[in-house]
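Engineer: I'd like to ask you about the structure that follows.
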Amino acid sequence: MARLRTGRWNPFAFYRVPVTVVITLIYIALLAPLIVVQHVLPSVPESNPEGLDLLEAWRDLQSLTNGFHPYNSRKNDEVRSWLLTRIDEIISTNAAETLTRHDSARTFVFDDNQSNLTVVESNLGVYFEGTNIIVYVRGQEDDKREWWNEPGLAPSGKGGVLVNAHYDSVSTGYGATDDGVGVISCLQLIKYFTTPGHEPLRGLVVLFNNGEEDFLNGARVYSQHPISKLPHTFLNLEGAGAGGRATLFRSSDTEVTKFYKRSPYPFGSVFSDAGFKLGLIRSETDYVIFEGDMGLRGLDVAFIEPRARYHTNQDDAKHTSQQSLWHMLSAAVATTEGLVSDTSRDFEGRPQGPGKVPSGTGSGAVWFDLFGTAFAVFQLHTLFALSVTLLIVGPLTLLITSIILANQDRMYLFGISVSADDGFASVPLRGWRGFFRFPFIFGSTTASVVGLAFLMAKINPMIAHSSEYAVWSMMISAWIFVAWFLSRIANFARPTALHRIYVLTWMFLLAWVLLVITTVYENRDGIASGYFVIFYAFGTFLATWISYLELFSLPKRSDYANKFSGQISSRRTSLGGSRLLTPNPDFAGQHQEDDEPTESTSLLRSQRTSFANYTRSAEDDGEGDLLSTGVGTDESEARDANVYGYEQPWSANLPKWTWILQFLLIAPIITILVGQLGLLITSAIHQTMQDGSSALAPYLMIAIFTTLIFMPTLPFIHRYTYHIPTFLLLVFIATLIYNLVAFPFSGNNRIKLFFLQEVDLDTGANRVSLTGILPFVDDAAASIPSANGQNISCIPKGDRTECSWESDLIPHVITHPGSGKQQTPMNEWVKYKAIRLEPGRQNTNRAQFKISGLNTRGCLLHFDKPISQFHVAGSATDSRFPSNPSLEDGTEDGVREIRLWSRIWGNEWVIDVEWASHNNNNNNNNDDSDGGKDTLTGKATCLWSDANTQGTIPALDEVIQYTPEWVAITKLDAGLVKGSRSFEV
């Protein structure tokens, strides 16, 4: 055999070494910064920005979070007093010079101890008395009257801006990020906008609301204050994690979102907004009250990770950072400054419902950050228009290009053979080779990672809780290795120069289908979460079009056939009439048949093997990529150095450098957009299984994003060297073993178990429960000393399991043992009186309840059957918030529970209730034994939530002390302790 020639080294050619190096370096260069941005926060400025004091802010956060301060705790009152003092100090410091410069910038503080509201939602009724703190910094263009003091008077002007944070925490968390950082940011905003030179044009209302953690009560009751008529836009600062970056969670429209673009470190994606619209995210923030019920237009900025510390004792200043505080504060200042300086009338217009503010309507928004430093925002209808355009123009362009290629006789795709002018022979083109590779390779690789997702969800479903990057590594290494291995096998068996163009064509077809789906959602539901698909489709279209344009560099098929035929004729002459290279009809037919196979054709067909004339020793050398062969030539003849390996001879004229352009059109933008989206979603959901969410969802999401990120390698991966895929195979084996056998929790990534103690005040029965995921909740319950020897009952509770046991640890929620005071008998903890009233309209049953509890300001009435109406004495109602169920009397959709919250400790509530007559709904057949009167049964319950002093709730202290270090205890309900008495009326 003659020596195979090599060509000159070309670092940009479509050969194995350049492809491996370029693709690897680009992916590393893009993914590494994305991971850094996800976990490394911007540094705090060395000197204070004008109008701010960062050290003061950090010290305020430490002061705010020195204890648990839920609404139903004495500590909450202390926090409220501290806030009023801090607000007064800030305003007093800046007041003198501010008033001298601009009298219009006066600041007003409203200590709201008057507002209350009754709301009904589903089977739950809530009466709440607010203790909000509202600070109004009058804008230079605001109404100069004190209009809020005149009943029925509304402000004039363009509307103001609301910034909100809630100062209550849960009963088991210090509230550093939920919502301490938001509260401290609000204090600094007051400082900033009362500093001379920063006076707002529009009025600024800063709301410190109390009672968010249980039913968003503080935001609802804010609607009853006159100042709530002023703002048309809002910024809600929240925490659904315990640190990291503050994420733009959702926004109402493009016009308001553009002000977030001013943030020095923007972070977030409209994908999270779609999660709320589609109902995938079940928790809510005050945003839904301001935007949905009151008609404001605004933004929701929140911490979203780590969820393992959210609502636990690790949500404290020690586990957050000054960098997190600065990240939220800088975004709040920049966004608010833009909103209060806005001179447009974009936020004026018709109210979106009765009683809502006249803020007008905005346009749907698309928004996302780039590396945490830049922010893109544009209108949804722009995305829709571009999507429709690409859906039409893309396929049409490829079709027209294909027609032109066919007319010029350069359409080698799908070509089987072509005849020379002399009719001597049919020259094979092998134009079908590679057509079916993408469906097989893409389907196999995707199936492999999806299969891994199901495997993880089955064997070790919680491993993503602490080891999400081990899961990512497993998915990525598996996907790349399988894709490379299958591509190399296919290329080894049937080498083809059409691999790239066919794979790109399939990719564009897939992207086109995805674009159709996302475009439908954009138009029908206003869902913009598929914004990255248009970039995917556009880049893939351009790369595919380039491959089609490359075909213009090829000779006409007839010219190629004539040249091939001429070469054979000359060789016949030179060989003295030898018939070795003269294809007789039988051979020609066989040759044509052999050159038509697809990827599904048997590799053992006929007498020719799939691995014939394939030389490995040359191609394994980096320079050996230039080795090639001609078709129908003698083995001893020199091969064309411009043909890669054993690909089609006509491919010698294809450009060698265009692959880089194609890769750059697809991979970088997709890696950036999809990569950061994948990391964002992973951080948001990988610790949600403990809350009862799907165990499969995080793994399936990682599998999908792995596929989307690395699919751009498929047109090129068959030219990859074996080194990196082999290394990734080892990574896959190691991470697979780890993910299958590793324990999923640790002291830094604890699983949350939900605590509740229920006391029957009539009988003295005392039951403690932990709710969580099996088998971990069962293991934790078994470790509690007071549960030893007890019959621990574990029953399903929705998506979780409740394990409970009888306990002899009585809560000291009325009188602490260390106080020296006599303990109060249990039956005096809750007092109630139920009085039967005269029948109401339509002969409904009526009763009046009076209920109060010692050392609490939260109680509830639970009914065994639904009531149709209720009214709490002294309560306000609002048409924006339904105060009674909309139902026909006697249906099962009535109210089953009324929660009662008072700003006064030990308050007595008076509640009138109505319920349907059993007679009226059962053909006058009355089975009651009380003389024809329908009875109403249920429980009168009060709640206790203050666990700041050890020994107040001994059962909680015991659970915290004896559960394993990988367990975090949080509250299950509005109260840590529920004391109940039964009633019948």
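The backbone N, Cα and C atoms fix where each Cβ goes, and this holds for glycine too.
If you look up Swiss-Prot, you'll see Glu212 marked as active site, proton acceptor. According to Swiss-Prot, the Zn(2+) 1 binding site annotation covers His166, Asp178, Glu238. Marked as Zn(2+) 2 binding site by Swiss-Prot: Asp178, Glu213, His311. Per Swiss-Prot, the feature N-linked glycosylation site maps to Asn113, Asn116, Asn791. Residues or ranges marked as region 'Disordered' by Swiss-Prot: 586-606, 614-633. As annotated by Swiss-Prot, site 'Transition state stabilizer' applies to Tyr310, with the evidence given as similarity to another entry. Per Swiss-Prot, topological domain 'Cytoplasmic' is recorded for 1-16, 405-438, 491-500, 547-659, 718-726. What Swiss-Prot lists as topological domain 'Vacuolar' is 38-383, 460-469, 522-525, 681-696, 748-985, and the listing cites similarity to another entry. Taken from Swiss-Prot, the feature transmembrane segment applies to 17-37, 384-404, 439-459, 470-490, 501-521, 526-546, 660-680, 697-717, 727-747, supported by sequence analysis.
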Engineer: Would you mind splitting the topological domain 'Vacuolar' (460-469) into helix, strand and coil residue counts from DSSP?
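Structural biologist: Once the DSSP states are binned, the topological domain 'Vacuolar' (460-469) shows 5 helix, 0 strand, 5 coil.
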Engineer: Looking only at the recorded stretches 384-404, 501-521, 660-680, 727-747, which one has the largest tally of CB-CB distances under 8 Å to the transmembrane segment (17-37)?
Structural biologist: 660-680
Engineer: Sort out the sequence-distant neighbours of Asn113 (N-linked glycosylation site) for me: same chain, 6+ apart, CB within less than 8 Å of its CB, listed by position.
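Structural biologist: Spatial neighbours, sequence-distant, of Asn113 (N-linked glycosylation site): Gly130, Thr131, Arg903.
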Engineer: With a 10 Å radius around each C-beta, find which of these glycosylation sites (Asn116, Asn791) has the fewest other C-beta atoms nearby.
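Structural biologist: With the glycosylation sites Asn116, Asn791, fewest surrounding Cβ atoms within 10 Å: Asn791.
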Engineer: Between the Cα atoms of Asn791 (N-linked glycosylation site) and Asp178 (Zn(2+) 1 binding site), find the distance and write it as a whole number of Å.
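Structural biologist: Answer for this pair: 37 Å between alpha carbons.
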Engineer: List the other residues in this chain whose Cβ sits within 8 Å of the Cβ centroid of the Zn(2+) 2 site residues Asp178, Glu213, His311, in sequence order.
Structural biologist: Ser169, Val170, Gly173, Gly175, Asp179, Gly239, Tyr310, Asp315
Engineer: Does the chain bring the transmembrane segment (439-459) near the transmembrane segment (697-717), so that three or more CB pairs sit under 8 Å (pairs 6 or more apart in sequence)?
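Structural biologist: Counting Cβ pairs under 8 Å, at least 3, so yes.
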Engineer: Count the CB pairs under 8 A between the transmembrane segment (384-404) and each of 501-521, 697-717, 727-747, then give me the winner.
Structural biologist: 501-521
Engineer: Sequence order is fine: just name those recorded positions in Asn116, Glu213, His311 with a Cα within 10 angstroms of Asp178 (Zn(2+) 1 binding site).
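Structural biologist: Those close enough are Glu213, His311.
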Engineer: To the nearest Å, how far is the Cα of His311 (Zn(2+) 2 binding site) from the Cα of the residue listed as 'active site, proton acceptor'?
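Structural biologist: Here the two Cα atoms lie 13 Å apart.
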Engineer: If you count Cβ pairs under 8 Å, which stretch among 470-490, 501-521, 526-546, 727-747 touches the transmembrane segment (697-717) the most?
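Structural biologist: Between the stretches 470-490, 501-521, 526-546, 727-747, 470-490 has the largest tally.
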Engineer: His166 (Zn(2+) 1 binding site): which of the recorded positions Asn116, Glu212, Glu213, Tyr310 is the nearest Cα neighbour?
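Structural biologist: So, spelling it out, the nearest of the recorded positions is Glu212.
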Engineer: Under 8 Å for C-beta pairs, could you tell me which stretch among 470-490, 501-521, 526-546 has the largest tally with the transmembrane segment (727-747)?
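Structural biologist: Per the Cβ under 8 Å count, 470-490.
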Engineer: Using C-alpha atoms only, work out the spacing between Asn116 (N-linked glycosylation site) and Glu212 (active site, proton acceptor) and round it to an integer in Å.
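Structural biologist: Spelling it out, the Cα of Asn116 (N-linked glycosylation site) and the Cα of Glu212 (active site, proton acceptor) are 14 Å apart.
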